[in-house]
Amino acid sequence: MAIHSRTPSPLSVIDEGAEQHSGVDHDHYETAPLAPAVDPPERTEMGYDEQFVKPEGRRGDGPALVAASTSVAVFLVSTWAITFANHPTSLGLFFFHPILQSLAIAAFTYGILTLQPTSQARTKAAGLTRHQVVILALGVPAISVGTFAIYYRKSLHDHPHFTTWHGTIGIASIAWMVVQMAVGGGSVWFGGRLFGGPKAKLLWKYHRLSGYLLFPLFLLAAYLGGAWSSWTTGNSPYVVRLLAFTISPIVLLVAILARMRHHGRRYL
């Protein structure tokens, strides 16, 4: 029995030769990738960390923030409650003094807290913006109008000015605040041109230190006026005054200082 072998056609011989020459396996041609795999580019480290904000808080910052926020809220709400509960329409210009001074202290508190802690360029810039907005748009106008209200009221009735520690420390705080604003603004606004350009930013650390010294002075004035003034003692219970004007300012100051960062600064 003869076995007949199939003679390959010229075309198939050409195809096989081309396949062998090209090195392409046509049996797997349909499953082959359209393009060779490309390894993903390696992540460059330069600038990568700048896209993210690293955690800046340290142990104890959270509880201190809660303590500061709670204590200033107790101080503010108590001051407003006492004022509004004692015939506010009959108080005349005096009404604006406790209302606006307490509001200003609350604004100053937020202005400090929003910069604590900030150690990165992005968080520093955002914190500085919030700090300036709340201080310049709320804190300074409120305390200025509140001070003018009590000063003008005393002038109308020919009452002497600055005869108590509350009044003396209060007006000293206002004068200090004006200098504080000039140094702070001059060190950062318009590239620090007011104090000589880029080197003026070195004054910022003194502005910061000055703020931490000025804030307790505001709290001391609030304590003297709230806990010992004749109007407050005659129109509020002792326990309310103790909580709002003695305990709350102490807790607030301790919490603010607990969140303070030194960053190895040398002031002298």
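Using the three backbone atoms N, Cα and C, a Cβ is placed for every residue, glycine included.
Just so you know, TrEMBL annotations are computer predictions that nobody has curated.
Feature annotations, courtesy of TrEMBL:
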- 19-43: region 'Disordered' (REGION)
- 19-30: compositional bias 'Basic and acidic residues' (COMPBIAS)
- 64-85: transmembrane segment (TRANSMEM)
- 91-113: transmembrane segment (TRANSMEM)
- 97-226: domain 'Cytochrome b561' (DOMAIN)
- 133-152: transmembrane segment (TRANSMEM)
- 164-190: transmembrane segment (TRANSMEM)
- 211-232: transmembrane segment (TRANSMEM)
- 238-258: transmembrane segment (TRANSMEM)
Who are the chain neighbours of the transmembrane segment (64-85) in space, where the CB to CB distance is under 8 Å and they lie at least 6 residues beyond its ends?
91, 95, 98-99, 102-103, 105-106, 109, 113, 222, 226, 232, 235-236, 240, 243-245, 247-249, 251-252, 254-256, 258-259
Which bits of the chain, at least 6 residues beyond where the transmembrane segment (238-258) starts or stops, bring a Cβ under 8 A of a Cβ in it?
60-61, 64-65, 67-68, 70-72, 74-75, 78-79, 82, 109, 112-113, 116, 212, 215-216, 219-220, 222-223, 225-227, 232
